[in-house]
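Structure record follows, encoded as structure tokens.
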Amino acid sequence: MEKRAAAGLEGAPGARAQLAVVCLVNIFLTGRLSSAVPALAACSGKLEQHTERRGVIYSPAWPLNYPPGTNCSWYIQGDRGDMITISFRNFDVEESHQCSLDWLLLGPAAPPRQEAFRLCGSAIPPAFISARDHVWIFFHSDASSSGQAQGFRLSYIRGKLGQASCQADEFRCDNGKCLPGPWQCNTVDECGDGSDEGNCSAPASEPPGSLCPGGTFPCSGARSTRCLPVERRCDGLQDCGDGSDEAGCPDLACGRRLGSFYGSFASPDLFGAARGPSDLHCTWLVDTQDSRRVLLQLELRLGYDDYVQVYEGLGERGDRLLQTLSYRSNHRPVSLEAAQGRLTVAYHARARSAGHGFNATYQVKGYCLPWEQPCGSSSDSDGGSLGDQGCFSEPQRCDGWWHCASGRDEQGCPACPPDQYPCEGGSGLCYTPADRCNNQKSCPDGADEKNCFSCQPGTFHCGTNLCIFETWRCDGQEDCQDGSDEHGCLAAVPRKVITAALIGSLVCGLLLVIALGCAFKLYSLRTQEYRAFETQMTRLEAEFVRREAPPSYGQLIAQGLIPPVEDFPVYSASQASVLQNLRTAMRRQMRRHASRRGPSRRRLGRLWNRLFHRPRAPRGQIPLLTAARPSQTVLGDGFLQPAPGAAPDPPAPLMDTGSTRAAGDRPPSAPGRAPEVGPSGPPLPSGLRDPECRPVDKDRKVCREPLVDGPAPADAPREPCSAQDPHPQVSTASSTLGPHSPEPLGVCRNPPPPCSPMLEASDDEALLVC
């Protein structure tokens, strides 16, 4: 109900603002904030909003007396341009000075009454006609209220003026307003122009008994309305002409033994005035002389300190206490059932209590009182249920309230088709069995959802005979008036907490994904920030930064880029072979590296070398000792070859480990000593022995350096060693050579042949052997 009302407030235009005004008005009228909060949650903490065209509103616990300390509120919302008309059927609110204790408030009112419409007392108020398309209603009972007033019951209808026609069960006023048919000729002007009370030949449709104020009762057989005080009811004297004030009176003795299978009894102060100065204690023993169950129904009017105890079995304490009832159960009927056919009822009342005791009826289950009809029957052909052991009286027939679990008391009513049931209040509306007890109102007053003995599938049956949705069961919020929907629930986490946890985990997971995405994005941007601004010059600069390390000092001398210096080591044959192997491996590695680079990389490399590097020998052309000349010998496969057609140059000086002097700088031979002559050819210079030579091929041979006896003469000949002249020129052995140093080799060569390529290389590398 509260959930449905909240949903209705969202759909109504301006409903929230109007609800705020309602709250402020209630605070102003009651003077307490604590009274305003329950008012917004009408009667048991529920807000009741009405948007139906026709409906019925009544006070809490109707038709019983309303409880003290109650705040209720209702809100009727119409369409734009609608006029809302309210007519009171019953009205009994405890009267006080200026209606300061208990009151009913309606607003906004029509001109000339602009202020709120505040009511109390027992007289039927005039019809209320709204000035706008909405009406708010407040009901308040003070905590000090006696609780002896019945309350009110009103009907309303909304619509526009100037209607051309009305529904079949409605009456059209002269001003075009449509009213329910029973409102015609009821002595109350609901049309506003008096047209509903004109030409009335029949008496008012309301029975005269309904016009008696609270605290009185009518004489049912009187031709005119006569209301008597309740103290004269069942006092042993006939005050009504037909004796109706003494008809059907219960036994008012203070306790006795009852032996019939049905009967009734009441406390002595039920119809009496205020209790005397002494306490009252009465006990009733009920013995139906039957082993079947016995049903007990009580209507309580207890005072603040009064109470009733019901026991199963006979005796002052009985066998088992069934229930203890206090004033809190005053305004609702109480039904108890004993497993045996015997009951004990004990009543305790305080002196000068404001209560009026109780009225009780009992019967064996399955039997009905003489003036009642059974809900069940011997067969279910007439609409009854074989298992329904309830009863109903003739006034309860077709009153819109189910007194039988099978609904037999509401079947076959003349106002509805055979397969439908009437709504409460005589509105003429009907509903089907499928609309019964499904937590969805089909009647304006919700009669189809009251006194439910069973519920439709998908709903839960409350202890107060109401039905709610099954999903509202154990959701942490009491939706039944007795809170039975939250009883027996497991100690589980409420659904709201689970929903909040799921939403929170989803949000946290989403934030984690976003954080990881940002981290990966930043990492990607940092790794790509240089590539994002890459140009031709940046690529060339990167290539320049990644160039190979410059050659060492020894490699520069070996390549002939710088002249030899003193004390630089001399390459022996074994060292030259190792160096040649290293160079060959380097060339292969460079060729392999060049094969991986694309043409564009090679072109960029050549362009960079031309722009920023001074000319130098290609990588593959590495001279052994000195810069390349036409007659220079380049180390190819371990031997020196002269270039063809070139003039024979003096042989390149062989370097020893201790000195870098050339052979031509040898000191002259000793004077007077003839030069030594080799086996064939001119005589050897002074200080040299005949070298030991061995042929390598047809044109070349290798000679071991002859032993040097002394420094060579300065004028020693510098003739190259050849096949015809096998005497090589050698350098002087260094004095720094140790005894284990390898002996230098002299290489004899023919005139150098022309240079020709020996090995395949890349585009920017040239390997020539001369």
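Cβ coordinates are placed from backbone N, Cα and C, and glycine is handled just like the others.
Copied over from Swiss-Prot, here are the features:
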- 1-36: signal peptide (SIGNAL)
- C43-C72: disulfide bond (DISULFID)
- C99-C120: disulfide bond (DISULFID)
- C173-C191: disulfide bond (DISULFID)
- C185-C200: disulfide bond (DISULFID)
- C219-C240: disulfide bond (DISULFID)
- C234-C249: disulfide bond (DISULFID)
- C254-C282: disulfide bond (DISULFID)
- C423-C443: disulfide bond (DISULFID)
- C437-C452: disulfide bond (DISULFID)
- C455-C467: disulfide bond (DISULFID)
- C462-C480: disulfide bond (DISULFID)
- C474-C489: disulfide bond (DISULFID)
- 689-707: compositional bias 'Basic and acidic residues' (COMPBIAS)
- 729-738: compositional bias 'Polar residues' (COMPBIAS)
Checklist outcome for this item: Around the Cβ of C120 (disulfide bond), other Cβ atoms found within 10 Å total 23
Next on the checklist: Please report the three-state DSSP label of C254 (disulfide bond).
Outcome noted: coil
Item to check | Spatial neighbour of C254 (disulfide bond) that is closest, considering only the disulfide-bonded residues C72, C173, C191, C443 and their CA atoms | outcome: C72
Item to check | Cα-Cα distance linking C452 (disulfide bond) and C462 (disulfide bond), given in Å to the nearest integer | outcome: 9
Next on the checklist: Quick check for you: of the disulfide-bonded residues C72, C99, C443, C467, which have their Cα within 10 Å of the Cα of C452 (disulfide bond)?
Outcome noted: C467
Checklist entry - Just how many other Cβ atoms lie inside 10 Å of the Cβ on C467 (disulfide bond)? => result 22
Checklist outcome for this item: The disulfide-bonded residues listed are C240, C282, C443, C474, C480; by CA-CA distance, the one closest to C467 (disulfide bond) is C480
Next on the checklist: With DSSP assignments reduced to helix, strand and coil, which class does C99 (disulfide bond) get?
Outcome noted: helix
Next on the checklist: Taking DSSP as the reference, which of helix, strand or coil describes C467 (disulfide bond)?
Outcome noted: strand
Checklist entry - Where's the emptiest Cβ shell within 10 Å among the disulfide-bonded residues C200, C282, C437, C452, C474? => result C200
Checklist entry - Where does C72 (disulfide bond) sit in DSSP terms: helix, strand, or coil? => result strand
